[in-house]
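This report refers to the structure that appears directly beneath it.
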Amino acid sequence: MTSLREFRKLCCDIYHASGYKEKSKLIRDFITDRDDKYLIIKLLLPGLDDRIYNMNDKQIIKLYSIIFKQSQEDMLQDLGYGYIGDTIRTFFKENTEIRPRDKSILTLEDVDSFLTTLSSVTKESHQIKLLTDIASVCTCNDLKCVVMLIDKDLKIKAGPRYVLNAISPNAYDVFRKSNNLKEIIENSSKQNLDSISISVMTPINPMLAESCDSVNKAFKKFPSGMFAEVKYDGERVQVHKNNNEFAFFSRNMKPVLSHKVDYLKEYIPKAFKKATSIVLDSEIVLVDEHNVPLPFGSLGIHKKKEYKNSNMCLFVFDCLYFDGFDMTDIPLYERRSFLKDVMVEIPNRIVFSELTNISNESQLTDVLDDALTRKLEGLVLKDINGVYEPGKRRWLKIKRDYLNEGSMADSADLVVLGAYYGKGAKGGIMAVFLMGCYDDESGKWKTVTKCSGHDDNTLRVLQDQLTMIKINKDPKKIPEWLVVNKIYIPDFVVEDPKQSQIWEISGAEFTSSKSHTANGISIRFPRFTRIREDKTWKESTHLNDLVNLTKS
């Protein structure tokens, strides 16, 4: 059984390794001949763990300030300079309530058991007891590691591809398809990963689209032909049905709020009368009595009340699994034809997505113009012979910003990293916001632009919604995770960028700026479009995505 001390050393070695091959080799050598491979890999990828601990960095600080009898304010201030694990380690070492162990005695199994128990409690008193108990058997470095596992970020600069491909060269691609880590580990020794396929009731990484700024580019990418599909301004939903059981997952593979999808349990069996088990890729949209889509955000309970005679409608655009058959390796035109054979439309409830087989540039231009005239968001272009590749950006999207707002082919989903005091009537409150993106290579957050222009009501709400730490533009208080030039140091920084809001930002065009740290990329005339509540930081626009957007 692997000890926590061995695991910590592995994490340290991975962090200091120079590149992909070296990191993967370290992991491969470490897990060879070990019986607890699955546990090691699972804990190396805490972000994929579906256990919920009901506590963010601020809550962890609060609880350990009580346990250590230390100043919560001092601990929060220390957190502003670095990461939660370092802060807890520092104050654990200094506290006089619980003496840290001199020697590590915990196994990974002990830690995993603790995490499972922690995920089962919600009362603060129970959390305090569990956190006290684990601290009492930890060294300072042990507790730092445990807290980082709770925070779901080990800071080892190695994501799923690095870790999973240490098991087998194609393990990462198989995982994106099956989302079943345990099955991959169990089959890795048999060299039989290709046999692993979709599992009903387990979410699949959705296939994605990259931006496209010209009709000509689309034909270069799909020379053998393409489908142009209406880009619906709703919420992506992956539908799973297994006999009489149903599951509905969002684009980030989390369960969809029940009020948005409960009605589907009645209509899916009617639309798919022959299906025992099925997995669908689709979009749920609020439509009026004429089946015309209503604006994004109208799916909320309160917003829906504003639209009388409206219905939730599922626009189905793909079938990924049907009665034991994994259909992801079948060409799109065959999947679509099959879908037509097995699905019966229920008007205003479950319908086919609007799809056009494109044969020339003039036809594509006409379809795009028609979509924009109807005030739809744009088009998604798909290779007519394309297979379904989970998690990969093989499709193209053309949105209205490309034609109507200048040369930005697409908006960017940026994370709120900080804020500045407003001026005049907005003085004394956060009114201007620092937006940025995550750099996968460095593990840091980079700045892209400042954004303002919110109305008074929105600003009032944001004061409470955004969890900020006041740093008063002090360079010494810039957290380790943020890379920002001196002229853009904010009055406030977010407590945790991975828990911060994601805003869709559009503008006139992407520009070059030596003052911003996201490879010098910024946005001219940036404007807030909407909050992307359907996305986590992982689905936001990362630095490499931003670079691709500017190229297109």
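Any Cβ shown, glycine's included, is placed from N, Cα and C.
Keep in mind it's a predicted model, so treat the numbers as computed, not measured.
Listed features, source Swiss-Prot:
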{"type": "ACT_SITE", "residues": "K231", "note": "active site, N6-AMP-lysine intermediate"}
{"type": "BINDING", "residues": "E229, R236, E283, K382, K397", "note": "ATP binding site"}
{"type": "BINDING", "residues": "E283", "note": "Mg(2+) 1 binding site"}
{"type": "BINDING", "residues": "E377", "note": "Mg(2+) 2 binding site"}
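Sequence features, as recorded in Swiss-Prot, placed on the structure.
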| residue | record | DSSP (3 states) |
| --- | --- | --- |
| E229 | ATP binding site | strand |
| R236 | ATP binding site | strand |
| E283 | ATP binding site | strand |
| E377 | Mg(2+) 2 binding site | coil |
| K382 | ATP binding site | strand |
| K397 | ATP binding site | strand |
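The maximum pairwise C-alpha distance among E229, R236, E283, K382, K397, the residues recorded as binding ATP, is 17 Å. The Cβ of K397 has fewer other Cβ atoms within 10 Å than any other of the binding-site residues K382, K397. Taking Cα separation as the measure, E377 (Mg(2+) 2 binding site) is nearest to K231 of the recorded positions K231, R236, E283. Cβ neighbour count within 10 Å across all protein chains ranks E229 highest among the binding-site residues E229, E283, E377. Across the fold, the C-alpha of E283 (ATP binding site) and the C-alpha of the residue listed as 'active site, N6-AMP-lysine intermediate' stand 9 Å from each other. Listed in sequence order, P206, S250, R251, D281, S282, E283, D534 are the same-chain residues six or more apart from R236 (ATP binding site) with CB atoms under 8 A from its CB.
For the recorded ATP site, residues E229, R236, E283, K382, K397 set the reference point as the centre of their Cβ atoms, and the other residues of that chain within 8 Å of it by Cβ are A209, K231, Y232, F317, S353, V380, W395. For the pair K397 (ATP binding site) and K231 (active site, N6-AMP-lysine intermediate), the Cα-Cα distance reads 8 Å.
Cα spacing between K231 (active site, N6-AMP-lysine intermediate) and K382 (ATP binding site): 12 Å, rounded to the nearest whole number. Cβ neighbour count for K231 (active site, N6-AMP-lysine intermediate): 21 (other Cβ atoms within 10 Å of its Cβ, all protein chains included).
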